[in-house]
């Protein structure tokens, strides 16, 4: 089994059969059930981690390869990096980073109290290098746990897709408060026309590009335009915003699974430098 990866500005083009499937599956889940799913979102994720423990997701050792910002503490000896992993799950991204770089200090939070407990039980967990807490990013103020404008990078990796589209902007506004000016949110999540989107059965659709799994957890599939507008409207500047295509090929079984992700960086604008004494006096003379 092999995996091939490439990047591009446009999402995957569907086959005729795939297009027909999406056209057939237009019926939406009832408003009553959608309200119930929103109300029980935390419970459903907690049950997910109860069923799967720490075994569902693989450790993500690719993040430093894809995001050079996570390597920025390697430029000189003693350099530190303060990270927020927003939506840390059970630590599949967090612990590879802490293990790889001793100069990283991480804040990490998750919607699920059970996931937070698993992080604290991990053999690599060290309270001196990591502060972990439960948080609903759409409602709970990160400033209760993190000083304002103190974080060098924020990771949002397969997190925002689990949030209702009408509440996604609240997550971005929340992390904006703790991110240093001139620093970036590092994003990767499901892209439009991903194989997982096409596997949903009829009766799973909640809205445009938004679906519910059998266990009650939800997933949104992003376009680059939707994501860019979401970030820019929250005050960020676009740095990179592109699709990542991965094909997992099993030649023995004749299978090819086309995955589509969106990988992006959005920067909090740097603060304008304070005017010097000379420039300030010139301004006074002008006016």
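Cβ from N, Cα, C; glycine included.
If you check Swiss-Prot, you get these features:
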type	residues	note
BINDING	45, 49, 87, 110, 136, 137, 157	S-adenosyl-L-methionine binding site
REGION	267-287	region 'Disordered'
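All features noted in Swiss-Prot, drawn onto the structure.
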| residue | record | Cβ contacts under 8 Å, 6 or more apart |
| --- | --- | --- |
| 45 | S-adenosyl-L-methionine binding site | 111, 112, 115, 162, 217 |
| 49 | S-adenosyl-L-methionine binding site | 89, 90, 112, 114, 115, 118 |
| 87 | S-adenosyl-L-methionine binding site | 109, 110, 111, 137, 156, 157, 158, 159, 160, 162 |
| 136 | S-adenosyl-L-methionine binding site | 42, 111 |
### Message
With DSSP assignments reduced to helix, strand and coil, which class does residue 45 (S-adenosyl-L-methionine binding site) get?
### Response
helix
#### Entry: Neighbouring C-beta atoms (10 Å sphere around the C-beta of residue 137 (S-adenosyl-L-methionine binding site))
24
### Query
What does DSSP say about residue 137 (S-adenosyl-L-methionine binding site): helix, strand or coil?
coil
### Query
Hey, does DSSP put residue 157 (S-adenosyl-L-methionine binding site) in a helix, a strand, or just coil?
strand
### Query
Of all the binding-site residues given, 110, 157, which residue's CB has the most CB neighbours within 10 A?
110
